[in-house]
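These notes are about the structure you will find just below.
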Amino acid sequence: MAGLATLTGDKKDEAGLKSNFDVDYVIHYKLPASGAKAETAEAEAAFVQLIQALADVGFATEVRNGGKSSLLVFTKIASDKLLNSQVYRYRVQDWLYGVRTAAPNQDLSKYFEDEPVTEAERLRLAYLLITKPKNEGGAGITPKVGQWQHVASIFPLHDHAFNRQWIKQWSTKYYLNDDDINQIRDRFGEKVAFYFAFLQSYFAFLLFPAAFGFAAWLVLGQFSWFYAVVNCLWSVIFFEHWKMKEVDLAVRWGVRGVSKIQHPRPQFQFEREAQDPVTGEIIKVYSPFKRLVRQLLQVPFAVACITILGSLILGCFSIEIFINEVYDGPFKQYLAFVPTIILSIFMPTFSTLLTKLAERLTDMENYETMDSHQASFVQKIFVLNFITSYLGIILTAFVYVPFGQVLVPYLDFFKVTAQKFTAEGTALPTKNWEINPDRLTKQIIYFTVTAQVVNFATEVIVPNVKRKVTKTVEKVAEKNGNGPAIKDVPEEHSFLKRVRDEAELDQYDVTVDYREMVIQFGYLSLFSVIWPLTACSFLVNNWVEARSDAMKITTSCQRPIPWRADSIGPWLNSLGFLSWFGSVTSAAIIFLFKDKTGPAGNPWDISAWALLLSILLAEHVYLVVQIVVRGVIHKLDSPGLQKERAQRFAMRKQLLEQTFGRDVSDESHGPGLSGGEKITRAALEEEARMESIKGGWSLEQQFWQRQRGAGETIQIGRGMISEISASNQTKASKK
């Protein structure tokens, strides 16, 4: 199976892991499981169109049995000439959009020797050639859409030799360096590399809050205003540093500004065609006003998320308080799991439904490009995750603690309900309610420690166990004669077995990993003042996370398409928001818990104006500090920016040399004292003769011919200075 065995080097499958048979992409083509003649005929016709479309754009193809009523179509670019032409075309496009500082050399043989094609670049351009619309020179194949509904996926094959070396190398290193990130970029593209670069930069920055948090936990304790100030300052510095860091990486990787080159979205539906006022080309247009109206649906979507998920969390929150802090009857230790069971059942269900709704709303907004579509979807997903991740802690800190004495009596609803299930005349056993001072800390510890471990298990361990069980069941069914019989050429059997396994894997979505890290940063920025050891937990977790994500890519997912990127995209805005919001929540928590226990459920003990003033002051101080930090960081230089300036200087120098000759410095100066035109009698007589032939000088020409050269200008000017000085002295003596 395409799992841990591929990394440990299973002898039985060793031959299938050595080579990818020069395959660029595999197209997993699903056939109708029913076997109905009409559906089979339709799938067959679509298959013929698929192969023809690939051949028309220059792909060589081979087809093999994929098992489970499917085919595997292997593709590769048929000629190096086609590949080189595609690479050159896209590099010229990069130059025109300002991504590259210099135009590619027209001597292709020398050019590709100096700057060879990387594996990631080859795979990216091959994928574009497969999926681009036909009117743009591609095959126009879009998986699961329209006539290509039988195309389940298009994926490149893993390089298992590299994967094995990658995991082995990372498992023995404590700290990842730039070479490790560059290695990812060369194999999986800049989009994945930016994630690992962000994760590594975040990990390095966690060293300070982990050490300071540990010291604060020992010396200052919880709810320290000094810790809160330092933590907010750290979040500002990290955010501004990363903004600078991603620019530096984009320049070093040669992708700065690549987001300007956006890929069209196949699902885009245009209303009309019009002429672009800038380029004069015919473009497809969709009304921006209609899109704006549909974008406004994000407001009711956010309200729906808050209502549905908030009601669920609030309900379970209330049940938990009643069972753990009010109820004192039998089976209490078992009933305490009821809120967790309810959340475990309904939270994933509602989150999935709301995620599908977010996808539907984003589709309705009908964006032209993939990047704009993804950015809009990420905004909606961030709202969902903000509610599910932080609402429980917010309820405890800002509702349970300050308003407990007022709200807990309303929990008698649960008492009345439970009373109906007790024996008649028997009172439900309860106890006097008191605020649990450790509740908030326990919640933070759960989300920052326990939840991280659970997430690791569900992300890495569970999928591998699930696939292993599924594979075992399939082997048993095959031995019993219930599975499909596939006859492979012996030389290809190990290779095809591995490809069939990879075809069944999930597609890797870097958005999921970004979401985990951004939400984790939110816990640190918003609530670590409650438990200063938060950064220590995240430091350990993220060391494991980098390696588990690498393991996930190599064993649990198909090899990602090596897309380019010049930043972490819309997640940068989410980081900025959480960094700012952390100043607000930290100030509010410090004010409410300044005596370490909080207002003990009595809201009348809270000075509302002082609380509001604390929040406003913290926010304004944050904004001022952010401006200062941004100014300081922008003054710092970086290798990437130095490289960009050097490239632009070399380009300007080369352009000047090509335009004015080899020694530009001697020919580009003006008519100075030594470089001006030398005036001789012969030159004056020759110019006078030429002008007499032309019919005399104009007034403009006469004006510029009265002084010939800088030397004569100096001489006449000095004479004028002497005359004016003498005149001024005469006037002064007369007075």
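Each residue, glycine too, has its Cβ placed from N, Cα and C.
According to TrEMBL, the protein carries these features:
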type     : residues : note
DOMAIN   : 22-151   : domain 'Anoctamin alpha-beta plait'
DOMAIN   : 184-647  : domain 'Anoctamin transmembrane'
TRANSMEM : 192-219  : transmembrane segment
TRANSMEM : 225-242  : transmembrane segment
TRANSMEM : 299-322  : transmembrane segment
TRANSMEM : 334-354  : transmembrane segment
TRANSMEM : 382-403  : transmembrane segment
TRANSMEM : 521-544  : transmembrane segment
TRANSMEM : 571-594  : transmembrane segment
TRANSMEM : 606-625  : transmembrane segment
_Contacting positions for the transmembrane segment (571-594) when only residues 6+ beyond its ends and CB under 8 Å are counted_ = 222-225, 228, 231-232, 235-236, 238-239, 242-243, 246, 378, 382, 394, 397-398, 401-402, 514-515, 518, 521-522, 525-527, 529-530, 606, 610-611, 614-615, 617-619, 621-623
_Whether the transmembrane segment (382-403) meets the transmembrane segment (299-322): three or more C-beta pairs under 8 angstroms_ = yes
_Can you work out which residues elsewhere in the same chain, 6+ from the ends of the transmembrane segment (225-242), have a Cβ less than 8 Å from its Cβ atoms?_
198, 201-202, 205, 208-209, 212-213, 216, 521, 524-525, 528-529, 532, 568, 572, 575-576, 578-579, 582-583, 586-587, 589-590, 618, 622, 625-626, 629-630, 633
*Of the residues in the domain 'Anoctamin alpha-beta plait' (22-151), how many are helix, strand and coil by DSSP?*
63 helix, 22 strand, 45 coil
